[in-house]
There are 2 protein chains.
Amino acid sequence: MPSTVKLAAYLFTRLRQLNISSVHGVPGDYNLVLLDYVAPAGLHWVGNTNELNAGYAADGYARINGVGALVTTFGVGELSAINAVAGAYAERAAVVHVVGTPELAAQDEGRLIHHTFNDGNFRRFAQMHAHVTVAQASLRDPEASPEMIDDVLSQCLLHSRPVYIEVPMDLVEANVSAARLQHPITVPEALPDPHWEDALTALLDRIYSAKQPLILVDGETRALGIVDAVQALSRLTNWPTYTTVFGKGLLDETAPNFHGIYKGSYAPAAAQDYFKSADLVLVFGPHFSSTNSYSGTAIPAASAAVLVTDSTLTTPNQTFANLPARFLLTHLLQTLDAARVPPAAFTPPPLPPPPDTPAPNDLIMHSVFWPRVAAAQLLQAGEVLLAETGTAAHGARDLALPRGARAFFPATWLSIGYMLPAAQGAALAVRERSERSGQKGAAPPKAVLFIGDGSVQMTVQELSTIIREGLDVLVILLNNAGYTIERVIHGLRAGYNDVGAWEYGLAGRFLGAGAGFAVKVQTWAELEDALSDERVLRGRGLRVVEVLMGREDVPEGVLKVLLEKEKERVGAEAEVKHSAATGATYHARRKREIGYGLSFSTDSLYSNVKRKLH
Amino acid sequence: MPSTVKLAAYLFTRLRQLNISSVHGVPGDYNLVLLDYVAPAGLHWVGNTNELNAGYAADGYARINGVGALVTTFGVGELSAINAVAGAYAERAAVVHVVGTPELAAQDEGRLIHHTFNDGNFRRFAQMHAHVTVAQASLRDPEASPEMIDDVLSQCLLHSRPVYIEVPMDLVEANVSAARLQHPITVPEALPDPHWEDALTALLDRIYSAKQPLILVDGETRALGIVDAVQALSRLTNWPTYTTVFGKGLLDETAPNFHGIYKGSYAPAAAQDYFKSADLVLVFGPHFSSTNSYSGTAIPAASAAVLVTDSTLTTPNQTFANLPARFLLTHLLQTLDAARVPPAAFTPPPLPPPPDTPAPNDLIMHSVFWPRVAAAQLLQAGEVLLAETGTAAHGARDLALPRGARAFFPATWLSIGYMLPAAQGAALAVRERSERSGQKGAAPPKAVLFIGDGSVQMTVQELSTIIREGLDVLVILLNNAGYTIERVIHGLRAGYNDVGAWEYGLAGRFLGAGAGFAVKVQTWAELEDALSDERVLRGRGLRVVEVLMGREDVPEGVLKVLLEKEKERVGAEAEVKHSAATGATYHARRKREIGYGLSFSTDSLYSNVKRKLH
Ligand SMILES: Cc1ncc(C[n+]2csc(CCOP(=O)(O)OP(=O)(O)O)c2C)c(N)n1
Ligand SMILES: Cc1ncc(C[n+]2csc(CCOP(=O)(O)OP(=O)(O)O)c2C)c(N)n1
């Protein structure tokens with residue numbers, strides 16, 4: 001290795017060493033030269049259509065790959081992406097945000113250049129990013145830069161949260177020492193508290209003495225780097241294991257002691273009974289936001305909860321700090337005496353009875369849609385399920401995953417539009433992973449995205465990147481002509497909850513895939529056809545299944561309760577309209593409202609599905 | 001008027017009083033109840049497809065209407081929009097950003113709710129907005145709220161810059177005093193310095209004694225509220241009058257003493273000679289960013305410059321502070337003795353000779369495109385021209401405007417994707433203005449948008465809002481298969497400057513307009529056909545004219561110079577490729593590259609234009 005390298009080469013080599021294979025972003029005047037160093041470092045450049053989407057994609061990539069990277073341009077680019085960076089911060093995706101900035105002299109002299117407020121202040125955007133990143137480096141000096149880069153990257157890994165690196169144009173090609181590149185960047189191993197064995201003993205005592213134990217896996221388990229250990233513990237104890245919505249997809253869902261998402265006050269009675277009277281609930285990576293905890297009702301009682309966070313173990317009567325989760329789990333598994341682990345007497349609640357099979361011409365309701373989708377078993381090992389905030393995420397949370405599949409569900413940030421670019425990033429990451437593992441023959445793993453029309457509209461152009469990158473993504477688009485989750489929260493019939501009527505089936509053609517594959521379904525028979533269509537099940541590239549659903553139809557659970565409340569609030573008149581909404585009258589009205597007119601039946605894109613109604 | 005009103009009603013009534021007729025934004029859990037008060041206040045709700053676009057649209061609306069408003073939801077919504085708010089700050093659009101926030105108790109208790117970082121800190125997003133707004137109000141107390149709202153709104157007007165108002169959910173329906181609603185919000189009239197007459201005298205002296213005078217109108221003239229006064233001055237003096245790029249469209253371009261944009265070192269020699277040896281250059285609303293001043297070469301010499309800013313008059317040897325621009329101009333016009341104004345001996349440089357008419361099958365080059373567009377006279381009085389950052393803004397700056405038309409050109413923020421949603425906002429504002437003025441019979445004024453494919457991809461979904469709102473917008477889309485302006489800056493053939501190939505002609509159908517009107521042109525004959533097509537010239541609704549252009553073709557001027565430099569940098573090999581790029585070989589290659597295959601000729605959308613090549 002040469003003794004010096006260009007600064008940009010240093011930075012991208014580091015990213016490559018962190019197992020990043022692709023970098024997401026958008027070019028701009030202040031990062032063009034920087035981008036010349038992406039490919040030579042062995043990285044693939046994914047040019048997204050805009051920076052918010054690039055940020056979302058980098059986040060999706062990071063959640064699969066461990067780390068992801070985003071390159072934007074000063075001011076306009078970085079601020080466009082900041083909401084995505086904030087989401088990565090909130091839900092702990094390790095995204096390295098690299099910003100190409102103006103040359104140092106321009107900054108120091110406060111020159112009035114573009115992408116500023118024409119006032120000579122160049123520090124605002126970095127100050128804004130300090131709110132949404134765990135570490136920042138404003139590179140100014142080639143000598144100091146390698147260490148600064150390394151420090152920031154190691155913070156990124158340590159916290160599994162975004163960091164921010166400013167690279168002034170005139171530093172891109174500065175020579176820096178290559179010496180540090182010999183040593184990989186590692187997460188600083190925190191020294192555990194000298195009394196850590198007390199903590200371990202306390203934990204073991206709780207485990208050995210548990211009478212009614214349960215394991216609850218939350219989403220930060222991934223950020224803590226203890227997924228495998230927790231899986232091992234679940235297997236070893238054979239204790240009933242639940243996840244939160246955020247934790248879904250981290251553990252093997254086919255294990256006999258895995259019971260899905262614990263839904264708090266919406267869980268079946270048998271599950272609630274067990275959970276509430278448990279004397280030990282081992283929670284890994286807790287992230288008890290109201291959204292992720294069914295408004296707190298899925299949080300275990302303090303008298304039973306044992307929480308494992310980044311560096312703290314909390315038991316009902318003690319808190320042990322300075323105890324890194326990974327260290328604790330390693331020692332726990334080494335020490336645990338399987339023979340002393342008490343069994344759990346848990347009888348899983350019976351599965352809900354399958355809904356009656358609808359008639360072929362029936363419209364598609366959530367109540368029958370999700371069980372039918374579950375039966376279709378759309379996912380394979382190594383693939384990713386993504387369900388966007390909205391009715392989609394509520395319905396999809398009951399889909400069981402094959403072993404080794406992953407899932408993205410909204411936890412706390414809940415920025416709609418996130419899931420589509422995240423699907424691009426995630427699909428790329430699983431494809432790269434499968435390529436690395438050398439499974440040549442098998443079809444590359446795909447992503448399956450469930451998403452509402454309102455959310456699709458936010459970031460739709462990223463379908464273009466999915467197409468350009470040749471990624472295998474199946475989009476199941478729930479078209480209910482607007483923001484139905486908002487309708488049930490407030491404004492059931494308010495115009496502000498409507499969105500424009502689009503011809504979603506044209507997405508692939510418009511955005512570059514040529515004819516692409518798209519199908520629109522509105523009846524049970526059409527759904528049946530689509531879900532047994534080979535192109536849906538095993539096709540390649542981008543595929544879109546548009547499902548027409550009722551404006552006021554939502555899955556069972558929280559949303560149904562909200563719907564009933566909101567119906568009551570808006571009064572009886574609404575009630576009448578809604579009852580009509582379940583029959584043929586509604587269907588005709590809906591067709592009119594959401595604008596599917598005659599053009600529908602003449603569009604050859606949909607000709608593969610016979611339409612029975614009209 | 002009742003003595004109390006709901007807080008939300010107060011706020012929206014105030015916006016209505018400020019002459020705002022439409023509010024842009026996106027719903028969210030924390031602003032739904034707030035949105036119930038939009039329509040009752042007499043405001044039209046424009047639901048955009050995402051918040052960045054809503055922010056851009058509100059900015060476009062504000063630049064025509066004087067003020068605009070944007071409503072988003074806490075965290076995810078407001079941060080998605082922040083880059084648009086930053087742009088409004090940089091280029092002085094008065095946008096009121098109203099954010100619906102969680103109830104006060106949730107904030108004060110630091111509850112772990114969605115759209116937070118799950119850490120109890122609710123102040124981050126407001127802190128971030130403090131960087132991009134001139135005033136902020138975090139409403140907490142019904143009694144204090146009306147005055148706080150008024151104060152913030154008056155700052156918005158005073159500075160013509162965005163402001164930020166947080167409305168917690170539980171304050172939306174709080175009763176507040178309606179008393180202040182009786183009195184309109186006004187811009188605080190700054191008291192001029194007691195010695196203001198000295199300033200006026202100094203200014204008059206300069207004017208009366210000028211030997212080689214010139215007026216330069218920059219873009220902040222609008223924010224200063226002195227457009228009419230400056231127009232009057234230009235007419236009265238009959239002095240040669242130029243604008244900057246940012247100032248284009250503010251003055252009557254049909255006036256005989258109006259000479260277009262002063263292009264600094266790119267201006268014709270005769271103009272440069274006059275400008276450089278001028279002894280008086282009266283500059284209104286100076287905004288001398290490098291982009292807006294041809295890298296400083298369009299800034300007048302300090303020995304000749306007299307600058308009128310918000311509240312300062314600067315002459316070559318004096319600075320008068322506390323002198324509000326409007327006050328100064330009013331008194332200047334009252335005092336000015338037309339008889340004592342010396343004439344200017346300026347001979348406008350000859351117009352460049354018209355380019356040779358291309359052969360029918362010739363590809364479309366910038367050199368012939370813009371003169372042809374100029375001849376088409378696409379705009380009428382009261383309409384708006386928008387030209388996006390890229391080759392579009394460079395080419396379109398020579399289009400002369402009819403009297404009373406306005407123009408949007410990139411000045412300093414230059415965030416691509418801005419112009420499309422801005423066209424939505426601007427088209428709505430001019431339609432409302434024309435409706436208010438009661439011109440019933442005439443066709444409502446339209447917006448004409450020139451934009452590159454890279455920029456279109458950033459915010460394309462806002463075409464849907466243009467369609468939903470039934471706005472008349474003509475989009476002339478320059479498709480050169482990527483970021484050509486970046487190509488000439490750096491990376492002439494770099495893959496990162498390419499973008500996906502879309503079938504832009506499907507935009508209208510995909511995004512909801514049914515068949516819509518779209519035409520794709522690649523030869524001179526096709527361009528001729530399109531530019532004499534009634535649907536292009538006088539059609540209604542959304543129309544898209546896609547113009548295929550060379551990847552390395554740019555308008556004369558700055559970009560051509562950059563192109564030559566960049567060609568030199570990438571070396572001789574490039575030269576060879578480029579020469580091929582101007583002939584038929586290139587055409588065939590480009591067709592392949594940007595993906596226009598056979599499907600092109602079978603697409604009925606384009607059947608109205610005969611294609612001569614393939
Ligand atoms: C960026 C952003 N803007 C606004 C919101 C508020 N919001 C939450 S869910 C939702 C509607 C989602 O509608 P859709 O995707 O159509 O799903 P549906 O519930 O109708 O199936 C909105 C607007 C948000 N979460 N994020
Ligand atoms: C939000 C944002 N991201 C990136 C940039 C950097 N940038 C400036 S111009 C441009 C390319 C514009 O390309 P296009 O619209 O196709 O116009 P062309 O020059 O090709 O005609 C880019 C990426 C920017 N100004 N704003």
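Using the three backbone atoms N, Cα and C, a Cβ is placed for every residue, glycine included.
All annotation found in TrEMBL is predicted automatically rather than curated by experts.
Pulled from TrEMBL, these are the features on record:
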- B:6-114: domain 'Thiamine pyrophosphate enzyme N-terminal TPP-binding' (DOMAIN)
- B:201-301: domain 'Thiamine pyrophosphate enzyme central' (DOMAIN)
- B:402-546: domain 'Thiamine pyrophosphate enzyme TPP-binding' (DOMAIN)
- B:ASP453, B:ASN480, B:GLY482: Mg(2+) binding site (BINDING)
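Non-local contacts of B:ASN480 (Mg(2+) binding site) by the CB criterion (under 8 A, 6+ apart in sequence, same chain) comprise B:THR391, B:GLY452, B:ASP453, B:LEU548, B:MET549, B:GLY550, B:ARG551, B:ASP553. Spatially close to B:GLY482 (Mg(2+) binding site) yet at least six residues away along the chain are B:ASP453, B:GLY454, B:ASN497, B:ASP498, B:VAL499, B:ARG551, judged by Cβ distances under 8 angstroms. For the recorded site, B:ASP453 (Mg(2+) binding site), the DSSP three-state label reads helix. Other Cβ atoms within 10 Å of the Cβ of B:ASP453 (Mg(2+) binding site) number 25 in total over all chains. Helix, strand and coil counts under DSSP for the domain 'Thiamine pyrophosphate enzyme TPP-binding' (B:402-546) come to 62 helix, 29 strand, 54 coil. Across the domain 'Thiamine pyrophosphate enzyme central' (B:201-301), DSSP helix (H, G, I), strand (E, B) and coil residues number 38 helix, 17 strand, 46 coil. For the domain 'Thiamine pyrophosphate enzyme N-terminal TPP-binding' (B:6-114), the model gives a mean pLDDT of 98.
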